[in-house]
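**Q** Okay, these came from TrEMBL:
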ACT_SITE  Lys222  active site, proton donor
BINDING   Gly5, Phe6, Gly7, Ala8, Val9, Gly10  NADP(+) binding site
BINDING   Lys123  NADPH binding site
BINDING   Glu207  L-homoserine binding site
DOMAIN    5-146  domain 'Aspartate/homoserine dehydrogenase NAD-binding'
DOMAIN    155-333  domain 'Homoserine dehydrogenase catalytic'
Amino acid sequence: MSLVGFGAVGQGLARLLLTQRERLQREYDLDIRLVSVANSRHGCIFAEEGLDIAELLALASQQKALTEAAHTQRWDSALEGIRAIKADVMVEATLTNLRDAEPGLCHIRTALERGMHVVTANKGPIALAARELLQIARTQGVQLRMEATVMAGTPVLSTAFEGMAGTRITAARGIFNGTTNYILSAMAEGREYAEVLADAQALGYAEADPTADVEGYDALAKAMILSALLFEQPLTVEQVTRTGITGVSREQVAQASEEGKRIKLIASVRRHESGKVEASVEPVALPLSDALAHVNGAMNAITFESEALAKVTVIGPGAGGIETGQGLLTDILAIARS
Ligand SMILES: NC(=O)C1=CN([C@@H]2O[C@H](COP(=O)(O)OP(=O)(O)OC[C@H]3O[C@@H](n4cnc5c(N)ncnc54)[C@H](OP(=O)(O)O)[C@@H]3O)[C@@H](O)[C@H]2O)C=CC1
Ligand SMILES: N[C@@H](CC=O)C(=O)O
């Protein structure tokens with residue numbers, strides 16, 4: 001396995017590979033060898049026999065360079081590494097970018113074209129180019145999986161595609177961003193916005209630029225992914241109505257509480273009978289009778305509406321290094337099983 005991006009999520013997956021190694025061998029007969037790791041500062045390091053994951057995690061926690069780990073080869077960039085290495089699976093966990101999806105788009109395209117399965121937590125390439133990338137994967141006879149892109153390791157896409165196979169999903173609505181839900185929940189307890197945002201960053205929930213969270217772009221990316229995957233209708237950023245939480249004051253949060261409501265950042269995608277898809281992200285004051293009003297902290301929730309099942313709701317962690325690493329691990333195991 002080749003890992004690109006060694007921040008909160010990349011390290012979360014690495015930690016799971018280390019702590020779950022014996023169980024994965026025993027229960028799945030799977031010995032995952034991490035042959036390369038890349039980040040933006042130190043490029044890509046490679047060792048055919050496998051890198052020492054504990055050593056990599058120790059270096060990261062001490063803010064030291066990845067290149068201090070024992071390795072046999074190094075390239076200046078992740079892309080050069082992907083072009084040179086042949087791993088069974090490439091995991092992409094670099095920054096989400098909704099302008100052109102780079103650098104993740106090039107990483108994923110190149111890995112697929114080289115015949116590697118790809119598992120991604122990076123939302124940009126799926127939000128902007130799902131159709132193209134899935135087509136390359138089909139042509140190459142490999143898998144492209146993206147469970148971690150929507151609600152981290154909480155099984156959202158597998159619920160829709162495997163658990164609900166056969167029924168037509170017509171809408172998905174819920175709380176798709178952990179950082180803003182963490183902030184709004186803490187504000188409802190009287191805490192200050194800036195202090196809580198700093199906590200969410202320290203806990204590994206926020207995007208590298210947290211503007212993406214608080215201005216609603218991260219939830220919007222997930223709405224784009226759901227539309228592209230559930231409805232096969234890609235949306236542009238501009239086609240999703242978006243309002244973030246930066247305009248929500250502590251007074252408004254307190255006022256909502258007094259009225260027996262909770263302000264939540266609600267995202268929604270709906271396919272109408274005509275085939276038209278509508279998508280939005282906006283803060284909404286929900287009555288306490290709405291189950292979403294009780295989803296707090298970095299927990300997220302999604303309700304699917306479908307023809308046969310009416311409403312199905314999945315609630316679970318929406319952010320965090322380990323939680324997202326778990327989403328990546330689920331996809332790696334799905335590839336190994338198939
Ligand atoms: N955090 C979360 O809870 C969740 C995150 N995600 C998504 O997962 C991805 C990773 O998130 P997270 O780990 O939190 O982000 P971080 O900012 O913690 O880590 C990003 C990593 O990507 C690396 N990187 C950036 N550009 C390049 C490049 N050109 N080549 C190689 N590596 C590069 C960075 O390198 P360097 O260390 O040198 O800066 C860093 O290691 C994002 O796309 C995010 O949207 C999805 C679900 C949940
Ligand atoms: N920054 C995101 C991370 C997961 O996608 C969030 O807070 O939900």
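Glycine residues also receive a Cβ, built from the backbone N, Cα and C atoms like all the rest.
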**Q** Grab the pLDDT values for the domain 'Homoserine dehydrogenase catalytic' (155-333) and give me their mean, rounded.
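**A** Per the prediction, mean pLDDT sits at 97 for the domain 'Homoserine dehydrogenase catalytic' (155-333).
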**Q** By Cβ count within 10 Å, point out the most packed of the binding-site residues listed: Ala8, Val9.
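**A** By the 10 Å Cβ neighbour count, Val9 comes out on top.
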**Q** As a check: which entries in Gly5, Phe6, Gly7, Val9, Gly10, Glu207, the binding-site residues, place their Cβ less than 6 Å from an atom of ligand 2?
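**A** Passing the 6 Å Cβ check against ligand 2: Glu207.
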**Q** Among all protein chains shown, how many Cβ atoms are found within 10 Å of the Cβ of Glu207 (L-homoserine binding site), not counting that one?
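**A** Its Cβ has 20 other Cβ atoms within 10 Å.
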**Q** Excluding Gly5, Phe6, Gly7, Ala8, Val9, Gly10 themselves, which residues in that chain have a Cβ inside 8 Å of the centre of the Cβ atoms defining the NADP(+) site?
**A** Gln11, Gly12, Leu13, Asn39, Ala93, Thr94, Gly321
**Q** Identify which of the following recorded positions, namely Gly5, Phe6, Gly7, Val9, Lys222, place a Cβ less than 6 Å away from any atom of ligand 1, and list them by sequence position.
**A** Gly5, Phe6, Gly7, Val9
**Q** Return only the integer: C-alpha distance in Å from Gly10 (NADP(+) binding site) to Lys222 (active site, proton donor).
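**A** Between the Cα atoms of Gly10 (NADP(+) binding site) and Lys222 (active site, proton donor), the distance comes to 20 Å.
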**Q** Using DSSP, how many residues in the domain 'Aspartate/homoserine dehydrogenase NAD-binding' (5-146) fall into helix, strand and coil?
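**A** Secondary-structure breakdown of the domain 'Aspartate/homoserine dehydrogenase NAD-binding' (5-146): 67 helix, 21 strand, 54 coil.
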**Q** Just to verify a number: CA distance, Lys222 (active site, proton donor) to Ala8 (NADP(+) binding site), in angstrom, no decimals.
**A** 19
**Q** Return only the integer: C-alpha distance in Å from Gly7 (NADP(+) binding site) to Glu207 (L-homoserine binding site).
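**A** Cα-Cα, rounded: 11 Å.
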**Q** How many other Cβ atoms are found within 10 Å of the Cβ atom of Gly7 (NADP(+) binding site), counting all protein chains shown?
**A** 16
**Q** Work out how many Å separate Lys123 (NADPH binding site) and Glu207 (L-homoserine binding site) at their Cα atoms, rounded off.
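**A** Between the alpha carbons of Lys123 (NADPH binding site) and Glu207 (L-homoserine binding site) there are 11 Å.
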**Q** Once the chains shown are all counted, how many other Cβ atoms turn up within 10 Å of the Cβ of Phe6 (NADP(+) binding site)?
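**A** Cβ-Cβ neighbours of Phe6 (NADP(+) binding site) within 10 Å number 23.
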